[in-house]
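Swiss-Prot annotations:
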BINDING   Lys124, Glu139, Asp142, Asp143  Ca(2+) 1 binding site
BINDING   Lys919, Phe934, Asp937, Asp938  Ca(2+) 2 binding site
DISULFID  Cys170-Cys196  disulfide bond
DISULFID  Cys251-Cys332  disulfide bond
DISULFID  Cys503-Cys529  disulfide bond
DISULFID  Cys672-Cys1031  disulfide bond
DISULFID  Cys965-Cys991  disulfide bond
DISULFID  Cys1146-Cys1297  disulfide bond
DISULFID  Cys1302-Cys1456  disulfide bond
DOMAIN    32-196  domain 'Plastocyanin-like 1'
DOMAIN    32-330  domain 'F5/8 type A 1'
DOMAIN    206-330  domain 'Plastocyanin-like 2'
DOMAIN    351-685  domain 'F5/8 type A 2'
DOMAIN    351-529  domain 'Plastocyanin-like 3'
DOMAIN    539-685  domain 'Plastocyanin-like 4'
DOMAIN    823-1142  domain 'F5/8 type A 3'
DOMAIN    823-991  domain 'Plastocyanin-like 5'
DOMAIN    1000-1142  domain 'Plastocyanin-like 6'
DOMAIN    1146-1297  domain 'F5/8 type C 1'
DOMAIN    1302-1456  domain 'F5/8 type C 2'
CARBOHYD  Asn156  N-linked glycosylation site
CARBOHYD  Asn242  N-linked glycosylation site
CARBOHYD  Asn300  N-linked glycosylation site
CARBOHYD  Asn385  N-linked glycosylation site
CARBOHYD  Asn406  N-linked glycosylation site
CARBOHYD  Asn471  N-linked glycosylation site
CARBOHYD  Asn557  N-linked glycosylation site
CARBOHYD  Asn943  N-linked glycosylation site
CARBOHYD  Asn1000  N-linked glycosylation site
CARBOHYD  Asn1179  N-linked glycosylation site
CARBOHYD  Asn1396  N-linked glycosylation site
REGION    693-817  region 'B'
REGION    740-759  region 'Disordered'
Amino acid sequence: MGRYSVSPVPKCLLLMFLGWSGLKYYQVNAAQLREYRLAAQLEDWDYNPQPEELSRLSESDLTFKKIVYREYELDFKQEKPRDELSGLLGPTLRGEVGDSLIIYFKNFATQPVSIHPQSAVYNKWSEGSSYSDGTSDVERLDDAVPPGQSFKYVWNITAEIGPKKADPPCLTYAYYSHVNMVRDFNSGLIGALLICKEGSLNADGAQKFFNREYVLMFSVFDESKNWYRKPSLQYTINGFANGTLPDVQACAYDHISWHLIGMSSSPEIFSVHFNGQTLEQNHYKVSTINLVGGASVTANMSVSRTGKWLISSLVAKHLQAGMYGYLNIKDCGNPDTLTRKLSFRERRRIMKWEYFIAAEEITWDYAPEIPSSVDRRYKAQYLDNFSNFIGKKYKKAVFRQYEDSNFTKPTYAIWPKERGILGPVIKAKVRDTVTIVFKNLASRPYSIYVHGVSVSKDAEGAVYPSDPKENITHGKAVEPGQVYTYKWTVLDTDEPTVKDSECITKLYHSAVDMTRDIASGLIGPPLVCKRKALSIRGVQNKADVEQHAVFAVFDENKSWYLEDNIKKYCSNPSSVKKDDPKFYKSNVMYTLNGYASDRTEVWGFHQSEVVEWHLTSVGTVDEIVPVHLSGHTFLSKGKHQDILNLFPMSGESATVTMDNLGTWLLSSWGSCEMSNGMRLRFLDANYDDEDEGNEEEEEDDGDIFADIFNPPEVVIKKEEVPVNFVPDPESDALAKELGLFDDEDNPKQSRSEQTEDDEEQLMIASMLGLRSFKGSVAEEELKHTALALEEDAHASDPRIDSNSAHNSDDIAGRYLRTINRRNKRRYYIAAEEVLWDYSPIGKSQVRSLPAKTTFKKAIFRSYLDDTFQTPSTGGEYEKHLGILGPIIRAEVDDVIEVQFRNLASRPYSLHAHGLLYEKSSEGRSYDDNSPELFKKDDAIMPNGTYTYVWQVPPRSGPTDNTEKCKSWAYYSGVNPEKDIHSGLIGPILICQKGMIDKYNRTIDIREFVLFFMVFDEEKSWYFPKSDKSTCEEKLIGVQSRHTFPAINGIPYQLQGLMMYKDENVHWHLLNMGGPKDVHVVNFHGQTFTEEGREDNQLGVLPLLPGTFASIKMKPSKIGTWLLETEVGENQERGMQALFTVIDKDCKLPMGLASGIIQDSQISASGHVGYWEPKLARLNNTGMFNAWSIIKKEHEHPWIQIDLQRQVVITGIQTQGTVQLLKHSYTVEYFVTYSKDGQNWITFKGRHSKTQMHFEGNSDGTTVKENHIDPPIIARYIRLHPTKFYNTPTFRIELLGCEVEGCSVPLGMESGAIKDSEITASSYKKTWWSSWEPFLARLNLKGRTNAWQPKVNNKDQWLQIDLQHLTKITSIITQGATSMTTSMYVKTFSIHYTDDNSTWKPYLDVRTSMEKVFTGNINSDGHVKHFFNPPILSRFIRIIPKTWNQYIALRIELFGCEVF
């Protein structure tokens, strides 16, 4: 069946399926049945709907043929009325925990379509998705409903998938057609699905706890990929473009639930913003919702300020393309329920903050200092002004602060360099009032618009896209030379939540023309703080240092001053072509605080200092900015991470503890422009205040300098907020009462005084010739200081003893000594060059792959020892890793030692995320002031060897007891982008103590590592330049022939993902792609939670660049399921895989003992005498009852079972034999297996060597059972005896189940099917015995142990009532013996029904006639038949056709419950 094609279903199968009335009349035991009648229908859609009188005059060019979901009345004749606001969206489906959703679906369109939910419990015939899952054709009728046909989908909302404790009342998901994700979405087939907590919905389906709820879908429709193609790209909200979304209505003091969906068939991000409002999302206060295409979020908002407010995505291209609408808040007379009454003490803490800010035009130098280490190409492209480029200096407008309303005295005589281009920091806590007196000293209108606070229209300072000129008030656009006062109060609804940082990072900017104003430079950082977060001076109480880092992309081509800059800085202004791609690119400046390159100055912090970083992304950027912190981790939203993702026009607050000495790098992870422009170095230094100036301790100069290696200059500074604060009189009194003004009288804090300690530091600094260093040693400025680095176990020693500085054993020893009982884990890893095939199983089995799929790459490979001669062969647990390097596992407080050998042809290294390491083990090169001795780790030459030593601090591991392991990554850091695209990346798992065994494997955990990556071979070191895409191809957007969306480097067909139903499965998901590589992971049929955040339910997981996510899943549905990205174009091109969930009872005898496996299916390398392979059946009896062989030297005997189909093997039972009191048995053996009989795999399991040796028998009679974990899928199994007693001897049974699942016994043999549920046409009864129907149980013992009818004719039948609709996949039959009479059924047929009245025969697919099954050939053996297609029924009858002597039946049915 083609992936997106609809295979014709044979008529007999369709009749059989339609005859399964259980689907039609299926009764659901649910809290509530919620029924919907949905149709897919054609509709002409206008993205810019005009008023009726205008639409008659002209036909819009933006009318497109779409397929949309619409809701109908009972008979599908009348469409239900719908809200105009919903636009293209299908009806919102909703259900509470315990409910069942029944969707009656009819396809009125011209294409096969389906309905697939992102989150619900469903079975295979309600999935609505087409892929090779091993199900029968009739089970795929839901996959693609043909035009004119109908189908009924049944979805259950169970507690396992419902919102968790910390979730909002309703979680937002999408449903859509999954026949062809790209074309179906772009055609319009999508709607919202709300999964709600029990008791959260009213009778009409509306939420109880909100005044209003709205669903908004921010989407990009590519009409060229619609089923009805028409080239156009539309940026919309609910399908409305250019502000034509009907106004969203609300009343003041409403509590609104927002359900926001992002959708696009290509990678897309959205920064959803509601002007003048704040929202709460996942218990965090936000002003911008970060949304990813393919994912959804739920947020809530309490509104109080009346007016019409802009709703938009702040991604520049979205706003410019018309992705906006309006929220209209009216005064409906509702009482104020949002403002909390304050106590007297709280009222006294209220402050008034007054700022005097001007917009000024300046000449800005993006790179006042250009270090020699700056990339040459980057410098030529962005910083030099030859080739008629502007260069690094531009005329810009900036915000600057003044002392008073005269605007004559700036607060800083010299603007702080570390502040860069940023405006002054505006801080306020809840209930404080902020007044900004703004003077426009520039030459054109500007304003101030602040994110993160609720403001009135007078204080908004923003011009909307649809504002006519006459509506642009003074506050929206302050003319040159004019002054305007913005004033607002931080409301209770703006206050950071309990989970938030003390102060949360926001943004302010001019918004007369947001894009051009920001491009011109008018940006600044406000902070909104909790009630007690700020001192009276505006300093945050719970942080040693606050640091602002704004990652801004200034597109100077959109600046108001472009013409001025061309005239001033271009050598030949008249010849400049502004649309020249090279010229345009040279004017897009990637900066950190306005600096487009690294600087010679280094920011400095004290060892153990807690730094509160306020990180923001601003500017003309349509991609995520991943911020990487080397040597340390951010603590953000309760999670430690060393890459923090910033969405456009949004900010994050993160705490960093300075716990790793050295000079480190804060930079953007991603493109060349980002990594070169958005970067700064900082120094984590040890400064011992207690020892400073201690005259009693004399130190030799040599001792002082031994601890200092080429330190940078130091100016250490604690920032004060220059602001006029005007407390209320009562607040003033309280401040004095609390001693808040005492700092002014503290002589140690005075600028004019200089202590002897200061003088000593100045002396040392002058001796060392130190340069400037930004930090925070003192409360005020100290112009120079020295770094008196105290003795430290992992920083001081190596700098004193150069011989041990790079010795891995010495470094590891120091780590081990710092904490008792530390463990050292050693790995041997090499970089090797290989030919990698992105289609390893064969191109014929996949689609959408380019013609060339094999490329030279470099990969990490594990070895057994430091000789690097014997690779560590991967086993079943490593099968799924694909291109990934070996998993490096460790526990908290361990020391990891990796001996790295570079067997490739170019330099590579090892760089680890999340761990603690010295500079000599960083594996990454930048100007960190380290001596050459500490740079040997940066790049290991071909054939070179280096040992990296990493420490595992507690922050690297799980944060709570529910989290087992936490994932990170390692890769080569010589050139991270090119090295990773070349293939050099692997996972790191840090686990709780006691979770890892001596072989570095986790104990009793089912875990998988998945790396989502679009590999671009043109970015690989090994890609021939001659084969790269041409400029023309890139400009017209031709999909690269050399990109491969894949999971672990394998498109479509990643192997080895198998698990048991209801077991805890841990998935570690990695994304180390560039800023545009955004993936949304969806596991069909399952939901999951993020490790450490089990209070939040997830249906899909956005996986952002640099993200390492560990999630936990408890698979609830057996079968083969699809794992994919929700980004349609990547999914279609290969970013998908299958995972198999098998029943926990998958340990059934496969048929050696019962005889289901025939003699011809058993073979061996040889045998001795009459001990033939066919005798190797568990519990076989007789004189010759086993397989045996005499092992000769240099021979390796084996016995093989051909199962004639691929099955799941989970265990092996073995016996020896006894003959004439002589025991013969196998003591030890290993197993090999194959799917085709040609390619054999040795089972390795958890063994550290090449194969697992199973413990065999200890005598000739006892059965020894061995568990196969992980389970294997194979057709052929071989057992290889290695140790034995007397001779290698086997009697065997294999344990397992069918690959497709749904093959467990239904209860005839076990008694789960009750006697009363087994009936027959008649039964034989004599004076001494009764052969009643309930005796028809497989393997039943006794004198009367089967069913016999009263008479033997073709009208007899045996019937089983399964009590509910059941999927029956196979049957085993058995005869019986009475006295010496052998009785069995030789042929039979099957009938079934759901109502016990209308019976239907099981048909032969080939003939469409009643199928006659071959029965038994003796009275005790088993015969098994599979039903393909399976039977869906409650009642089943076995009708004997022919028999031996008399009719006698013992049976077992196999299958599973349907719902």
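Each Cβ is built from the backbone N, Cα and C atoms, and glycine gets one as well.
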For this session: Count, for each of 32-196, 206-330, 823-1142, 1146-1297, 1302-1456, the Cβ pairs lying under 8 Å from the domain 'Plastocyanin-like 4' (539-685), and report the range with the highest count.
Result: 823-1142
For this session: Could you round the CA separation between Cys991 (disulfide bond) and Cys672 (disulfide bond) to a whole angstrom and send it over?
Result: 34
Exercise. Residues near the Ca(2+) 2 site, Lys919, Phe934, Asp937, Asp938 excluded, by Cβ within 8 Å of the Cβ center?
Worked result: Glu918, Ser920, Ser921, Glu922, Gly923, Ser925, Asp928, Ser930, Lys935, Lys936
For this session: Sort the binding-site residues Lys124, Lys919, Phe934, Asp938 by C-alpha distance from Asn1179 (N-linked glycosylation site) and give me just the closest.
Result: Lys124
Exercise. For the domain 'F5/8 type A 3' (823-1142), which recorded stretch in the set 32-196, 206-330, 351-529, 1302-1456 gives the largest number of Cβ pairs separated by under 8 Å?
Worked result: 32-196
Problem set entry | Fewest other Cβ within 10 angstroms of its own Cβ, chosen from the disulfide-bonded residues Cys251, Cys529, Cys1146, Cys1302 | Cys251
For this session: Among all chains shown, work out which of the glycosylation sites Asn406, Asn1000 has the most CB atoms within 10 A of its CB.
Result: Asn1000
Seminar exercise, completed: The DSSP breakdown of the domain 'Plastocyanin-like 6' (1000-1142) into helix, strand and coil residues is 16 helix, 67 strand, 60 coil
Seminar exercise, completed: If you count the other CB atoms within 10 A of the CB of Cys332 (disulfide bond), including all protein chains displayed, you should get 13
Exercise. Any idea what the model's mean pLDDT is for the domain 'F5/8 type A 3' (823-1142)?
Worked result: 90
Seminar exercise, completed: Here the 10 Å Cβ neighbour count for Phe934 (Ca(2+) 2 binding site) comes out at 22
For this session: Could you tell me which three-state DSSP class Asn471 (N-linked glycosylation site) falls into?
Result: helix
For this session: Would you mind ranking the disulfide-bonded residues Cys170, Cys503, Cys672, Cys1456 by how many other Cβ atoms sit within 10 Å of each Cβ and giving me the lowest?
Result: Cys672
Exercise. So of all those binding-site residues, Lys124, Glu139, Asp142, Asp143, Phe934, which one's Cα sits nearest to Cys1146 (disulfide bond)?
Worked result: Lys124
Exercise. When DSSP states are grouped into helix, strand and coil, how many residues of the domain 'Plastocyanin-like 2' (206-330) land in each?
Worked result: 9 helix, 70 strand, 46 coil
Exercise. What is the nearest of the recorded positions Lys124, Asp142, Cys170, Asn242, Asn471 to Cys1297 (disulfide bond), using the Cα of each?
Worked result: Lys124
